[in-house]
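Data block below; observations after.
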Amino acid sequence: MSGGSADYNREHGGPEGMDPDGVIESNWNEIVDNFDDMNLKESLLRGIYAYGFEKPSAIQQRAIIPCIKGYDVIAQAQSGTGKTATFAISILQQLEIEFKETQALVLAPTRELAQQIQKVILALGDYMGATCHACIGGTNVRNEMQKLQAEAPHIVVGTPGRVFDMLNRRYLSPKWIKMFVLDEADEMLSRGFKDQIYEIFQKLNTSIQVVLLSATMPTDVLEVTKKFMRDPIRILVKKEELTLEGIKQFYINVEREEWKLDTLCDLYETLTITQAVIFLNTRRKVDWLTEKMHARDFTVSALHGDMDQKERDVIMREFRSGSSRVLITTDLLARGIDVQQVSLVINYDLPTNRENYIHRIGRGGRFGRKGVAINFVTEEDKRILRDIETFYNTTVEEMPMNVADLI
């Protein structure tokens, strides 16, 4: 295809290395599959592991290194691939922490995404003392100005309109900004932010490093890459298609965190009809729940990133062979557990980000396997569950009494 696409692009004005159907061809093959081998600052590594990451995702294995090396990078990736942490880690690695000036700018299409990015940056940069301000419409402009004037945050993340406004009024100084990230570029352009994005580019240093992330590559995105990026590294990460079709999703209103354990014990008989995976949000909690279940004489296995690979392999083998029936684990292994016979998943904790929901309970579409997912929901979780329903355009119903018949 590559020869043809080059001819097509010459005639139609697209950049080299693009398919006419808007899929980029990767031109970077270096893969680093371990955070420890990326030469990151010690304080940043601590933040990465404390956040719960164990192994870099496909995009992180490919894109962090060229970003850190200062290349312009175009990454074609959907949400749920770990793209936010990719550029968050790259920015944090390049920060000069002692220097109290804004050194990186991130644009996102919506306030919600901007705030989500800010959260990830602050969490990963926690041990470094990195500061990050979210510049978003719908908040008080005067407060924003005072904040930006009082102390320049290391990183500003925001929506194009508000960021342009702050640059224009000179409350946000472009002088020391060395890295500019456009997240969900296709979304931003389809929402009509093109002029503001171009105007922001005009205000930034011409030597700035540009990192652009986009799920699709329509012409208006390609135009940005041609106009503002120099010899970009191109990275394409295909997302596995996961589906919730055929999965019956239920919730149990446990009301309070401390009532989850009894609820789980009541369900144990049901779990062992088949094989079940129970997801929790932290490794510490996995250990805690495993101990509690053992103390009550329930047989369960646990799996998380603190264990060495040998130990994990043994546990996975036992689980795959069916000799262990209930597995307690964290999100990071959600992507790695493809156990054909798991037909029941319990979210003891709802996932902290909604993309992980489909990684926990979704199935590869081509197998079309049936399954049941049960979500433990406290009062505080109700909003998160609604958010998940909206995001996936799905419904999660209250668990019926005869759930055993459905498994």
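Each Cβ is built from the backbone N, Cα and C atoms, and glycine gets one as well.
According to Swiss-Prot, the protein carries these features:
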BINDING   ALA77, GLN78, SER79, GLY80, THR81, GLY82, LYS83, THR84  ATP binding site
DOMAIN    64-235  domain 'Helicase ATP-binding'
DOMAIN    246-407  domain 'Helicase C-terminal'
MOD_RES   THR159  phosphothreonine
REGION    1-22  region 'Disordered'
MOTIF     33-61  motif 'Q motif'
MOTIF     183-186  motif 'DEAD box'
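Beyond its flanks by at least six residues, the motif 'Q motif' (33-61) meets 68, 75, 77, 81-83, 85-86, 89, 92-93, 120, 123-128, 235, 237, 281-283, 305, 330-332, 335 of its own chain at Cβ-Cβ distances under 8 Å. In this structure, of the binding-site residues GLN78, THR81, THR84, the smallest number of CB atoms within 10 A of the CB marks GLN78. Helix first, then strand, then coil: DSSP counts for the motif 'Q motif' (33-61) stand at 17 helix, 0 strand, 12 coil. Per Cα geometry, THR84 is the residue among the binding-site residues GLN78, THR81, GLY82, LYS83, THR84 nearest to THR159 (phosphothreonine). Here the motif 'Q motif' (33-61) returns a mean pLDDT of 90 for the predicted model. Under DSSP, THR159 (phosphothreonine) is assigned to coil, being neither helix nor strand in the three-state scheme. Counted with DSSP, the motif 'DEAD box' (183-186) comes out as 2 helix, 0 strand, 2 coil. Long-range neighbours of GLY82 (ATP binding site) (same chain, six or more residues apart, CB within less than 8 Å of its CB): PRO56, SER57, ALA58, ILE59, GLN60.
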